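For Gly193, Asn194, Thr195, Gly196, Ser197, Gly198, Lys199, Thr200, the entry in TrEMBL reads ATP binding site. Positions annotated as domain 'FtsK' by TrEMBL: 165-343. Per TrEMBL, transmembrane segment is recorded for 12-30, 50-74.
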Amino acid sequence: MKQKILHFINTYKKYWITLATYLIMILILWCMRNNLLYSHIPSLILDMHYTHTILDIMILTVVFTGLICLVQLLRCPPRIRQKFNKVCRRHDIKNKTDEFPELRTVKPYQRHKYIYNVKNKDITCTMFMNNAEALEQALDVRISDMRLCKRGKTTDIFVTPKKYYKPAEITLDDENLGSNITIDNLINAIICGNTGSGKTVLMKAIIAKIGEHQPSATFHILDFKNYDFQEFSDSPLYYSYKDCVEGMNNFYRFFKKQQERGIASPTPQYLVIDEWASFVTSLDKKTREDMISKLAELIQISRAFNYHILVGVQRADSTYFGSARFNFKCRFGMGNLDAEGKRMLFDGYTELMNEQNDTGEGYLLIEGKGIERIKVVVKDFDKLDKMVRKAK
């Protein structure tokens with residue numbers, strides 16, 4: 001509760017300071033009103049009955065009117081509203097009856113992050129998203145998400161001013177995965193990226209973080225390439241190349257036994273699969289369909305039993321996942337995905353993915369939290385290897 005109060009105070013600090021300054025100035029003016037204001041009024045008028053009362057009421061009316069105007073200015077700065085109106089008219093962001101949307105409020109929700117609440121006039125999120133680049137340029141922000149609210153009457157646009165915008169760093173020093181989720185809240189995740197994108201380093205960093213912050217976690221490793229995860233090779237739960245089918249079947253069997261008990265596992269169980277697409281492609285049709293079906297079931301319901309899935313793949317084609325691809329609640333796209341690669345994992349957000357990424361950089365989409373740019377920062381790879389070995 002204390003943290004929430006402190007977060008609320010820090011988030012709205014600028015507004016509290018502005019209002020406090022205004023009220024202090026008004027209090028000083030009120031205390032000095034006789035010398036500053038009333039001294040200029042002829043004594044004949046001041047001596048009249050109720051003159052002071054009437055003048056006080058007039059001053060209080062002006063004060064409260066000014067307070068209301070100040071609050072409205074803080075809720076929606078005119079400069080931002082003017083820019084929003086201009087870009088909507090310039091790019092014909094309007095409904096069927098030629099009505100343009102109206103910016104209602106600009107509200108902070110995190111440090112240097114804001115929600116633009118827009119009266120959308122029945123304009124869809126798709127139309128706003130299609131004009132995301134124009135909105136970003138005009139408002140000098142980066143957009144991370146758009147959501148309908150109030151029964152579709154308004155649209156919330158989540159933004160970060162460009163001067164504060166930078167990739168959320170994923171390091172080995174804490175439990176954070178970006179700015180919207182921690183290891184303890186990690187839901188079934190897919191990491192997509194071409195060779196050299198930093199996909200494997202990110203997977204190892206996640207494993208290291210899990211091992212550090214969830215020391216009781218158990219890892220079941222399917223290393224089809226038989227190369228990147230050999231730190232686990234002496235573990236009985238490590239499977240490489242052709243043994244990956246056995247590993248998948250064993251994990252699925254453990255999960256079904258847990259499901260039969262009807263309670264969650266007392267310790268977290270993680271299935272880590274590297275090069276899933278290469279793995280299932282190497283199988284005959286019957287076995288491939290069996291593996292895809294089991295993975296789909298695990299993705300959909302395993303989390304309730306403290307079983308979690310982490311899949312690494314170069315391309316998130318539906319051929320490799322069936323209908324389960326969009327059931328991944330955490331989706332990482334490392335490096336520079338092509339247009340189709342973006343659509344496969346980030347459909348509805350591709351207009352916001354216009355940065356050129358270096359190795360270790362990419363995007364993270366958390367369902368219900370929007371998309372953000374991330375950067376994996378590992379300064380000591382010996383430390384990473386040590387943490388990974390400790391995790392097993």
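A Cβ is built for glycine as well, from the same backbone N, Cα and C atoms used for every other residue.
Outside the transmembrane segment (12-30) by six or more residues, the chain places 36, 59, 63, 66-67, 70-71, 74, 108 with a CB less than 8 A from a CB of the stretch. Each of Gln314, Met334, Gly335, Thr359 belongs to the same chain as Gly193, Asn194, Thr195, Gly196, Ser197, Gly198, Lys199, Thr200, is absent from that list, and has a C-beta within 8 angstroms of the C-beta centroid marking the ATP site. Summary for the binding-site residues Gly193, Gly196, Gly198: the Cβ-based neighbour count within 10 Å is maximal at Gly193. Annotation note: Gly193 (ATP binding site) sits in a coil segment as assigned by DSSP. The average per-residue pLDDT of the prediction over the domain 'FtsK' (165-343) is 94, rounded to a whole number. In the structure as shown, the Cβ atom of Asn194 (ATP binding site) sits within 10 Å of 15 other Cβ atoms.
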